[in-house]
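One structure below.
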Amino acid sequence: MTDNSRPARPVVLGQNQYGKAENRVVRITREGDTHHIKDLNVSVALSGDMEEVHYSGSNANVLPTDTTKNTVYAFAKEHGIESAEQFGIHLARHFVTSQEPIRTARVRIEEYAWERIGARDDGSGPTGAGEAQHSFVRKGQETRVTQITFDGDTWEVVSGLKDLVVLNSTNSEFWGFVKDKYTTLPEAYDRILATQVAARWRFNWSGDERRTPDWEKSYDQVRKHLLQAFAETYSLSLQQTLYQMGARIIDNRSEIDEVRFSLPNKHHFLVDLKPFGLENDNEVYYAADRPYGLIEATVLRDGCEPRIPVDLTNL
Ligand SMILES: O=c1[nH]c(=O)c2[nH]c(=O)[nH]c2[nH]1
């Protein structure tokens with residue numbers, strides 16, 4: 001029997017997914033004159049029973065990507081955006097449970113933070129005197145990210161951040177390393193340590209509504225522990241600092257089993273000022289942008305399986 005819908009060639013379709021990428025959705029919630037803002041970039045990827053559209057062009061199983069876009073905006077209105085994770089969970093569940101051919105939904109979200117103009121520096125506390133009610137300035141720091149995957153059975157929530165730039169102007173050394181005939185790096189006993197943190201952490205949440213983490217609080221706490229560990233670790237290498245940041249998160253956040261980091265070592269080289277008759281007493285540096293050392297590792301709760309992909313650029 002020949003199957004007309006499938007070309008008689010020694011070729012088969014492999015992994016495939018489709019959806020609308022980078023839906024930029026801004027949701028304003030109004031509490032009287034005080035407004036709240038959530039600013040997301042939502043990418044939906046659906047997969048399942050999609051052989052026919054590839055082999056024969058039949059769209060019978062295809063929910064248009066245009067519809068996935070519309071769903072993102074409609075859900076922002078109907079359900080609001082409490083957190084990126086909650087919003088992604090809602091969308092993933094909707095696509096898998098409402099469309100028979102769709103078996104797995106992966107929702108990736110980037111969140112851009114805004115703060116009230118005039119807000120207290122620590123960003124905490126109620127809207128007080130001097131804080132604008134509806135005027136915001138985009139926070140120039142990190143981008144928050146999350147990825148929700150649901151196959152009708154199993155949930156995986158991996159959240160994280162990227163582009164969080166941090167620097168210690170002391171308490172960092174690097175010495176005692178291997179030296180071969182190509183080694184020229186001088187040992188450093190007081191150097192600048194700087195990096196642009198990309199991190200992902202995996203929740204051990206299984207989909208039980210009664211045990212859903214407080215996603216907003218969890219993010220703030222993970223960020224706090226990560227930054228405190230960076231600041232407080234007397235560093236003998238960026239690798240050691242990375243491990244301390246991960247360990248601090250695993251130790252303090254029971255909802256998280258795995259953290260992966262990708263840390264570019266943003267080298268700061270002392271400038272030779274001798275040609276100008278000047279001493280450089282650890283004061284003037286050249287901030288090199290490339291090449292950079294790239295230090296990457298996963299830190300796990302003991303006994304847990306690593307599941308975050310090694311290459312964070314694909315996440
Ligand atoms: O913290 C560091 N780790 C390294 O592995 C390394 N290699 C290097 O040249 N400088 C550094 N710094």
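Glycine too: its Cβ is placed from the backbone N, Cα and C atoms.
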Which of Phe87, Phe174, Phe177 does TrEMBL put in the same urate site as Thr65, Asp66, Arg191, Gln239, Asn265? Phe174
Filter the recorded positions Lys20, Thr65, Asp66, Phe174, His267 down to those with CB closer than 6 A to an atom of ligand 1; keep them in sequence order. Phe174
Is Asn265 (O2 binding site) helix, strand or coil when read with DSSP? strand
Chain-internal residues, separated by at least six, CB under 8 A from Lys20 (active site, charge relay system): Ser43, Val44, Thr65, Asp66, Thr68, Lys69, Val72
Going by C-alpha positions, which of the binding-site residues (Phe174, Arg191, Gln239) is nearest His267 (active site, charge relay system)? Arg191
Around Arg191 (5-hydroxyisourate binding site), how many other C-beta atoms are within 10 angstroms of its C-beta? 23
Between Arg191 (5-hydroxyisourate binding site) and Asn265 (O2 binding site), the C-alpha gap once rounded to whole angstrom: 12
